[in-house]
Amino acid sequence: MYPAPDMSLWQGRIDSQEGADARRWHQWMRPYADDAEAASVLLGFASDEGVRRNQGRQGARHGPPALRRALANLAWHGEQAIYDAGDIVAGDDLEAAQECYAQRVADLLACGHRVVGLGGGHEIAYASFAGLARHLSRHERLPRIGILNFDAHFDLRHAERASSGTPFRQIAELCQASDWPFAYCCLGISRLSNTAALFDQAQRLGVRYLLDRQLQPWNLERSEAFLDGFLQSVDHLYLTVCLDVLPAAQAPGVSAPSAHGVEMPVVEHLVRRAKASGKLRLADIAELNPQLDSDQRTARIAARLVDSLVN
């Protein structure tokens, strides 16, 4: 049994005098039920154990409810259903929580839903991919899954235990064990936040990436072409946004704020472009730490990105 969602988080303004079209997220959201029609489903991963293991600043376990509160009062422009499936809560047993989240993702995908994960530290990424892989392996022997990560960090660290710095190395190992291709594209990499050893590791694994300084509005056509080339090489897409890809002025509420980063309009544009490919199967937003946020700036940006993925 999974814990029920806390629907009390979905509160906000009601503009009843404006008519039926004056809807907001909190009015449209429904708790997930097993007989729900295929739609977008929000699933939280309340964890920062991976951040702690990675020597980061804790607090991301409070990210999922903060993100729901930021979403609640946004105007709703869709017609499709949307559900809240609650949170998988991780204590200090991160590996067990990742397994539980992966199974929940696989079950939801099997029912025809598109899952949008709410983090939580970026340790959510391994759990998300494992769930997608579990689902696709039931239907395809050699699925071509693309991993699109908006992030200042490669997150390819070697460590004795899983952390927020290891998810894509874990995914690479899972792909190797399954004899699947490891198709990883990372947009927004900071040279100053990744050692030469991590760049070498990325090269060995065939990672495609663009640096934060390359992802500028004046260079958008090249960024689009780079992304399109990656999307054309895969059949299924897992998209994850680590909020530390954004400049610290826009997203202060993360464990490791970026001095440079990639501006929100560029990130949002490329997220929407990836979604428009028709290959998106699963997405998540990671590293929201409301304890470090200022005026809910990071939560509001995260909410806008979730809306871009859903509507």
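The backbone N, Cα and C atoms fix where each Cβ goes, and this holds for glycine too.
Of the residues proposed, His113, His122, His269, the one Swiss-Prot records at the same Mn(2+) 1 site as Asp151, Asp155, Cys242 is His122. Looking only at other Cβ atoms within 10 Å, the busiest spot among the binding-site residues His122, His153 turns out to be His122.
Residue environment of Asp244 (Mn(2+) 2 binding site) contains 28 other Cβ atoms, counted within 10 Å of its Cβ in all protein chains. Cα of Asp244 (Mn(2+) 2 binding site) to Cα of Asp155 (Mn(2+) 1 binding site): a span of 12 Å. Annotation note: Asp244 (Mn(2+) 2 binding site) sits in a helical segment as assigned by DSSP. Over all protein chains present, the Cβ of Cys242 (Mn(2+) 1 binding site) has 31 other Cβ atoms lying within 10 Å.
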